[in-house]
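**Student:** Residues or ranges marked as topological domain 'Cytoplasmic' by Swiss-Prot on the basis of a curator's inference: 1-21. The transmembrane segment feature in Swiss-Prot is assigned to 22-42; the stated evidence is sequence analysis. Swiss-Prot lists 43-487 with the feature topological domain 'Lumenal', giving a curator's inference as the kind of evidence. Under the heading active site, nucleophile, Swiss-Prot lists SER216, citing experimental evidence as support. Residues or ranges marked as O-acetylserine in Swiss-Prot (evidence: experimental evidence): SER216. As annotated by Swiss-Prot, active site, proton donor applies to ASP462, with the evidence given as experimental evidence. Positions annotated as motif 'DXXH motif' by Swiss-Prot: 462-465. Per Swiss-Prot, active site, proton acceptor is recorded for HIS465, and the stated evidence type is experimental evidence.
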Amino acid sequence: MQPWRRKFPLFETGVTMKQRKNSNLSIFVVVFSVFLFGIFMYNEDVKSIAEFPFSTSKPHDVHDEATPITEITTLPVQESIKNSDPIQESIKNADSVQDSVKDVAEPVQEEVSKTEEVKKIELFAATEDEEDVELPPEECDLFTGEWVFDNETHPLYKEDQCEFLTAQVTCMRNGRRDSLYQNWRWQPRDCSLPKFKAKLLLEKLRNKRMMFVGDSLNRNQWESMVCLVQSVVPPGRKSLNKTGSLSVFRVEDYNATVEFYWAPFLVESNSDDPNMHSILNRIIMPESIEKHGVNWKGVDFLVFNTYIWWMNTFAMKVLRGSFDKGDTEYEEIERPVAYRRVMRTWGDWVERNIDPLRTTVFFASMSPLHIKSLDWENPDGIKCALETTPILNMSMPFSVGTDYRLFSVAENVTHSLNVPVYFLNITKLSEYRKDAHTSVHTIRQGKMLTPEQQADPNTYADCIHWCLPGLPDTWNEFLYTRIISRS
């Protein structure tokens, strides 16, 4: 008789004391035991295998996969059955055995599926190379340098590969035909910016919050940062939610958020509604910041700005009283005076609420406008429309109308605080980028410009905001450099 060459069904519906059937049964026991221990070794997390009725070894005997299998296969057939009372009893009820196998197999399969999913995520995120990042010297001035054309490393991401960009900044999708504005890299004079690595930044943001606070230019920079980090995050592991003034981009696998909070003047104003804020008669409360500030507490990286909303009038309207009380009377004061009051209020809030051991604070200087082409000696230009290259003559004196009085206030206040604030001096280097604005390739009042409007850049060109990918990516390279250098 050669029972090992015969094939038997996995489960028998009856058992007799005849030698042939006993042999068949023992073979079933051996095969099934091997199967179970195979499962055990495939996923060591399933600890219940050692106590399963079909195991002939006691739990303390199971050290490796060879031991129990050898003991079973070398025993005589009769002895195997004789010494395995749990097996003999279990086989009397084949349905019970089948249910037991199902109970073990399903958790194993589920665990394997989870493991494979984790491996897929890790594999997706591991596409970046692991070369070391060379940091610039601490004393290097990152903001003095020149724009260098570089179509090998820039742009840092593709417009059509970032689903989170709004129609306001997707210039190529909106009909812009030239793309050279995406290929300019900022080169500091005395050092170099480190290669941008999204995974490295995300590691620094693990279990942390980064928040941009301010106006639509800070929102411009926030969208850039979202696109920079999301490129290494697999689908389904990232999300964007907007609630009131707060927009939150979340990266699940790092438990990290990149957020934007709408507060165009930092302090309370009648322009604080995140949806209905296009108000020409702008009124502020320079000493009132707590309503906004409560949303900034506990954030690990704060990036503030306020500028563009100050520029529609020469004097600022300051409320006498409170919006909550329905007061409407105001006084008008000079722009720099009002700006200084707001910056002092902001500085006081920083010193009262920021723990420098936990939170890093940045303040971004003014993002410039390019309204008059004569500013860069182009008499045939129309605002920033049709500009395709930066101002490359770095020694040429020019002015695009930036209010440097506000720049001085912001710089002085940030440097005078007891809490460290890193001043992002983006103004001058951005003034060279007349080519990088959204111009007529954008939306207005929530709607895409019509062909007729696009043909009238003198009226409709947006020379305030920036295309993405584009200049705000460089601003974020400064943030990235500071964060990875200090943490």
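Placed from the backbone N, Cα and C atoms, the Cβ positions cover glycine too.
Walk me through the surroundings of each of these features.
**Tutor:** Under the DSSP three-state reduction, SER216 (active site, nucleophile) is assigned to helix.
Shown in sequence order, PRO264, ILE308, ILE464, HIS465 are the residues of the chain, 6+ apart in sequence, with a C-beta less than 8 angstroms from the C-beta of SER216 (active site, nucleophile).
Under 8 Å, Cβ to Cβ, and six or more positions away along its own chain, ASP462 (active site, proton donor) finds HIS437, THR438, SER439, VAL440, THR442, ARG444.
The list of residues near the motif 'DXXH motif' (462-465) in space but at least 6 beyond its ends in sequence, with Cβ under 8 angstroms from a Cβ of it, reads 168-169, 216-217, 220, 308, 367, 369-371, 383-385, 437-440, 442, 444.
For HIS465 (active site, proton acceptor), the number of other Cβ atoms no farther than 10 Å from its own Cβ, over all displayed protein chains, is 23.
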**Student:** Can you give me the average pLDDT across the topological domain 'Lumenal' (43-487), rounded to a whole number?
**Tutor:** 86
